[in-house]
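Colleague: Take a look at this one; I'll ask things after.
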Amino acid sequence: MAKIDFDRSKEHVNIGTIGHVDHGKTTLTAAIATVLAKHVEGNEARDYGSIDNAPEERERGITINTSHIEYNTEKRHYAHVDCPGHADYVKNMITGAAQMDGAILVVAATDGPMPQTREHILLSKQVGVPKMVVFLNKVDLLGSGSEAEEMADLVEFEIRDLLSQYEFDGENTPVVRGSALKALNGEKAWEDKVMELMSQVDNWIDAPLREVDKPFLMAVEDVFTITGRGTVATGKVERGELKINEEVDIVGYTEKPKRTTVTGIEMFRKNLKTALAGDNAGLLLRGINREQIERGQVLAKPGTIVPHTKFKAAIYALKKEEGGRHTPFFKNYKPQFYFRTTDVTGGIELPNNIEMVTPGDNVDLIVDLISPIAVEVGTKFSIREGGRTVGAGSVTEIVK
């Protein structure tokens, strides 16, 4: 575990890059860290390779796993997650976006909004990202002059329209035009655009009201072992606070929770005395083997949440144009349901008066999962099938 204590003097905000594959999300992430390192103390420059760090990614040139970095503006400390852009990895987008208080939507001016741009905006709405700032990337490739300006204006108009369709504030959302690659390469005019972007992020994206007074809950994103110390579970603290030596329940996948004591807490390799709502924390768990905890379970204040398999839900079935199904689904349909950091297969029961659900429908139905999961009223989820998002929903009532 870490040696240095974490500094909490600045307001902490979780943010991330989203958008279509190859529009420049990872390059922009590297540019933000690198440009801020020149202007604000306490930042470390990053290159593309250090963020695009999973082996599969570089072989295929596509970002797969979510990558976490940190940086500071004059006003705030940010934890930044670089979200996957490739359609096959929307599953990871769901776990990554669930960690965001706001997003930077990256759109290449050369392409305009693409299918994954739309899907990421929809998913951001679904997982509760309240606001986003748009970075219109690669504007240098449009050339100069009035035609280039008109092209950029047109793309900006399309993006604003798309944001409004999904109930974001398309009219007032800040749009910054720039070149992530040229900023990363140190060209002053483009570096200034990155600073302008971060100023907009500071001002447009609100610091979240952290739910510190509610019972502690953290969804497990990853688990690893520290030799001689024990097992560490990492994830974003959804609500509440946790102090060292307090007990937590490991909930999900089994009928009964398993209880353990937290003997160490860290964030970005620095020690914490307390983990608070909004923190990306690593918790050292006493007496727990690597096999006794897995991604998708949650750590919670003892007795505050129990696993369930059956619940009522309000769902929206995506239209074909939104990347959803082309045909209706009927009772006994068995897709995957994605909660926080987990996916589990479940069957559906339709109300008596409904025979089928057509793409574009809003409907109330009952979900019956094959494994018990920590859910409660208000828990949001996505419905996936064959590698694509086909619906989005929210738990309205627990059945069992």
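A Cβ is built for glycine as well, from the same backbone N, Cα and C atoms used for every other residue.
Pasting the feature list from Swiss-Prot:
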- 19-26, 82-86, 137-140: GTP binding site (BINDING)
- THR26: Mg(2+) binding site (BINDING)
- 10-209: domain 'tr-type G' (DOMAIN)
- 19-26: region 'G1' (REGION)
- 61-65: region 'G2' (REGION)
- 82-85: region 'G3' (REGION)
- 137-140: region 'G4' (REGION)
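Mind running through what each feature is packed against?
Modeller: Over all protein chains present, the Cβ of THR26 (Mg(2+) binding site) has 26 other Cβ atoms lying within 10 Å. THR26 (Mg(2+) binding site) falls within a helix when secondary structure is assigned with DSSP.
A mean pLDDT of 47 is what the model gives for the region 'G2' (61-65).
Taking Cβ pairs closer than 8 Å, the region 'G4' (137-140) reaches residues 23-24, 27-28, 106-110, 148, 152, 177-182, 190 in its own chain, all 6 or more past its ends.
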Colleague: Work out, from DSSP, the number of helix, strand and coil residues along the region 'G4' (137-140).
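Modeller: Going by DSSP assignments, the region 'G4' (137-140) contains 2 helix, 1 strand, 1 coil.
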Colleague: If I take the alpha carbons of THR26 (Mg(2+) binding site) and GLY19 (GTP binding site), what is the distance between them in whole Å?
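Modeller: With the alpha carbons as reference points, the distance is 10 Å.
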